[in-house]
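To start, the structure itself, in structure tokens.
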């Protein structure tokens, strides 16, 4: 399978894929198949700005699981799979599941609040918002080790620096150009939600680790069965990675060199990720 402890990820036949990442891919694919072969459109689960006022809590928490078509699903999975797998291997399977729920709901509330004024009839679905959130989360942490992603030398006296912290915004603009029907607001709120995660502003919304450990103990038989085909990253093991070890940079680079760069280039900014917006039904 893929070794997500390295970047770019490398194929390792001895590894099984992360449980949550694999399950999300399979589950959303099945939903896409159901939508394609039946007349059910999941209309009630499209996120519209009025969802909080209408108390449509299902759309606020589940809109990201559904897609317009297979192409939309493939694009989102291609964007999300690697960062989600990296996050899961470092933070634990259940912790990652809680994170996805928090990112989904927080981004949805931002989208709805602003949308009531600027795009009241525009709905969104899809996983790209979460993808942009994880992108911004990683961009924030990567910026501590590699503040500048790339420097473009336009002439002897002119150069443009692409700061790692701003990469998600660049990606969002590129998506807007390549896919005009995509939701720029959705992507931007995915990015801001990723920053909230990065700066620790939503940490208090997580359940205590003891609760997660208790759940894992009660589901131990099911977890042992799943580990025949996937890797389940348990809370006790992941606490070490999240706590004492800290963030491990994706790109191979000397940490002291990265720290020196960070000091010389000043403070960091924001990063993030999301997806599609349209007239009546957009893709996030």
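Using the three backbone atoms N, Cα and C, a Cβ is placed for every residue, glycine included.
Here is what Swiss-Prot records for this protein:
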- 17-37: transmembrane segment (TRANSMEM)
- 66-86: transmembrane segment (TRANSMEM)
- 98-118: transmembrane segment (TRANSMEM)
- 124-141: transmembrane segment (TRANSMEM)
- 128: active site, nucleophile (ACT_SITE)
- 160-180: transmembrane segment (TRANSMEM)
- 182-202: transmembrane segment (TRANSMEM)
- 187: active site (ACT_SITE)
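Distant neighbours of the transmembrane segment (98-118): 20, 24, 47-53, 59-61, 63-64, 87, 91, 124, 129-130, 133-134, 185-186, 189-190, 192-194, 196-197, 202, 205-207, 212, 274; these residues of the same chain sit at least 6 beyond its ends, with a Cβ under 8 Å from one of its Cβ atoms. Rounded to the nearest whole angstrom, the C-alpha distance between residue 187 (active site) and the residue listed as 'active site, nucleophile' is 7.
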